[in-house]
Amino acid sequence: MYLEVSERQVLDASDIAFLLENSTSPYDYGENESDFSDSPPCPQDFSLNFDRTFLPVLYSLLFLLGLLGNGAVAAVLLSQRTALSSTDTFLLHLAVADVLLVLTLPLWAVDAAAQWVFGSGLCKVAGALFNINFYAGAFLLACISFDRYLSIVHATQIYRRDPWVRVALTCIVVWGLCVLFALPDFIFLSASHDQRLNATHCQYNFPQVGRTALRVLQLVAGFLMPLLVMAYCYAHILAVLLVSRGQRRFRAMRLVVVVVVAFAVCWTPYHLVVLVDILMDVGVLARNCGRESHVDVAKSVTSGMGYMHCCLNPLLYAFVGVKFKEQMWMLLMRLGRSDQRGPQRQPSSSRRESSWSETTEASYLGL
């Protein structure tokens, strides 16, 4: 059961000074949310035992589902690479980002189950890789939303002229921003031995103010801004589709709603918990042992919900799409024929037939 502590058990001045001078916060983007740092002397048995049981199982499951699902999306997209639209290219990058993110989960599973055994170098790389692809997923979804907004609402294709150059530049900017946001991981993450827990963990080594600043950056740049872009774009798209004619509008409306709802449902709970933690960091909410234990467990559960978005992406952007199943089946059939008869040349077709793009939908994925 949760640790029941009186609300009067608020940090005194000596506890706060100890926290600011000795804080070594863990990697705080969800994969290891228990405070393994030299935090105020609160018992952490419940949250640590919960993480050791819950996180390894969850991360292993998400690793398998995310790898298989996004691998299937990437395979189908690459099979149509000569006819990819701008949104298709963003979706391919999104699948790659999700794959790279889930590839770090086994490392964090080991860290949660026992301790970090991979050294400081891999700690920095794994932490930065996770952070880069966390931001990349949100930014690419925003790019897809904006591309659909221009195409459907304004009937404008900004990537029609020199499409490969413009799409490539957009992707370079997105990945560049993600690397920039991950610089603190390269600098401050390290494998540190926690004497209180007698274990080594991949964690940040900087004052509490730096930990709070990173959480605010994640909340604003990695969640609120992309969500606002998606909500604005898809609200206008829905307005246009509601006055359009034909049965296709209902299918497009369903997918549009699912896009925004899935992102919000998966990530909103986690960021609300992070907001509570930020408010405790800055003193707006009193930090006590009971509340801290509840927040630690809540971060573990809600971060798992957020990572589920990597597994949902193939379902939302592929399996719900109009032509993905058909293209996946054709790809499997071609692979089967290749094994039996040797390599065969794919029949030529027009861009409209082979591309994942249509006039009112972004791609065969159905966006």
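Note: Cβ is positioned from N, Cα and C throughout, glycine not excepted.
According to DSSP, CYS202 (disulfide bond) sits within a strand segment. What Swiss-Prot lists as disulfide bond is CYS123-CYS202.
What Swiss-Prot records for ASN22 (among others) is N-linked glycosylation site, and it gives sequence analysis as the kind of evidence.
According to Swiss-Prot, the feature N-linked glycosylation site maps to ASN32 (among others), an assignment based on sequence analysis.
Swiss-Prot lists ASN198 (among others) with the feature N-linked glycosylation site. For ASN198 (N-linked glycosylation site), the Cβ neighbour count at a 10 Å cut-off comes to 8, with all displayed protein chains included.
Taken from Swiss-Prot, the feature sulfotyrosine covers TYR27 (among others), and the record attributes it to similarity to another entry.
Summarising the annotation, Swiss-Prot assigns sulfotyrosine to TYR29 (among others).
Residues or ranges marked as region 'Disordered' by Swiss-Prot: 339-367.
Residues or ranges marked as topological domain 'Extracellular' by Swiss-Prot: 1-56 (among others).
Annotation source Swiss-Prot lists topological domain 'Cytoplasmic' at 78-89 (among others), citing sequence analysis.
For 111-125 (among others), the entry in Swiss-Prot reads topological domain 'Extracellular'.
Here Swiss-Prot flags 147-168 (among others) as topological domain 'Cytoplasmic'.
Annotation comment: Swiss-Prot describes 190-222 (among others) as topological domain 'Extracellular'.
For the topological domain 'Cytoplasmic' (244-255), the predicted model reports an average pLDDT of 64. Residues or ranges marked as topological domain 'Cytoplasmic' by Swiss-Prot on the basis of sequence analysis: 244-255 (among others).
Taken from Swiss-Prot, the feature topological domain 'Extracellular' covers 277-300 (among others), and the record attributes it to sequence analysis. Under DSSP, the residues of the topological domain 'Extracellular' (277-300) split into helix, strand and coil as follows: 17 helix, 1 strand, 6 coil.
What Swiss-Prot records for 322-367 (among others) is topological domain 'Cytoplasmic'.
Positions annotated as transmembrane segment by Swiss-Prot, on the basis of sequence analysis: 57-77 (among others).
Secondary structure of the topological domain 'Extracellular' (111-125), assigned with DSSP and counted as helix (H, G, I), strand (E, B) and coil, comes to 10 helix, 0 strand, 5 coil. Comparing local CB density within 10 A for the disulfide-bonded residues CYS123, CYS202, the maximum falls on CYS202. Note on the transmembrane segment (90-110): residues 27, 31-32, 55-56, 59-60, 62-63, 66-67, 70-71, 73-74, 77-78, 84, 116-118, 122, 126, 129-130, 132-134, 136-137, 140-141, 143-144, 147, 167, 170-171, 174-175, 307, 310, 313-314, 317, 356, 363, 365, 367 of its chain, located 6 or more positions outside it, place their CB under 8 angstroms from a CB of the stretch.
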